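Here's the structure we're looking at; comments come further down.
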Amino acid sequence: MINRATDEAKSLRVFCAIALPDATRARLAERIGRLRASPQGFAARWERSEKLHLTLKFLGEIEASRLDALRSAAERAAMSVAPFELTLAGPGVFPPRGAARVLWLGLGDPSGRLAHLQASLEDECHKVGFPREARPFRPHITLARLRNPAPQLVKLHLELPVETERFAVHEMVIMRSELRPEGARYTELAALPLRGE
């Protein structure tokens with residue numbers, strides 16, 4: 001069952017994600033700290049370490065009555081993939097051309113299981129009536145959103161080395177995102193273990 005702390009809401013803003021281990025979050029928080037301390041660090045809204053994650057599918061606002069269908073679809077996807085490892089990869093920005101608005105770190109998928117999980121999640125969600133994501137999946141962890149153009153900060157982000165780190169993935173989570181003046185607040189609605197072979 002989905003966490004019923006959501007019973008009073010008619011609709012919720014939700015996404016499916018992979019939560020990061022504490023050690024990986026700490027490593028990313030160090031990187032954020034170095035970037036934030038730079039001369040243009042003020043130009044960004046930085047993600048707090050406890051909110052760092054890998055989005056598999058953003059569904060946006062959905063009716064609360066559809067949460068169980070979403071959970072069932074996500075559970076079927078999770079059952080199709082065995083636990084796997086990911087690696088931190090190179091830095092990047094969105095959009096790739098023009099003034100950068102988002103700073104992120106990519107992820108390596110040596111086993112190919114992340115791609116399989118995400119494709120399976122798209123398929124299973126589509127079967128129960130959720131629209132497919134039009135853009136190709138680009139696995140990344142968002143570190144910051146830029147309020148204003150900050151070319152020196154972007155340059156530092158792209159040039160700052162990324163220490164290779166592997167981490168294990170054992171589950172997928174369904175998260176609620178509540179937009180607030182101080183930033184989005186995330187609440188875990190369900191954790192779905194990866195049970196494939």
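Placed from the backbone N, Cα and C atoms, the Cβ positions cover glycine too.
Checking TrEMBL for motif 'HXTX 1' across the ranges 1-4, 53-56, 57-60 points to 53-56. Looking at the stretches 88-91, 140-143, 192-195, the one that TrEMBL records under the feature motif 'HXTX 2' is 140-143. Per DSSP, the secondary structure of the motif 'HXTX 2' (140-143) breaks down as 0 helix, 4 strand, 0 coil. Using a 10 Å radius centred on the Cβ of HIS53 (active site, proton donor) and all shown protein chains, the other Cβ atoms total 18.
Secondary structure of the motif 'HXTX 1' (53-56) per DSSP (helix as H, G, I; strand as E, B; remaining residues coil): 0 helix, 4 strand, 0 coil.
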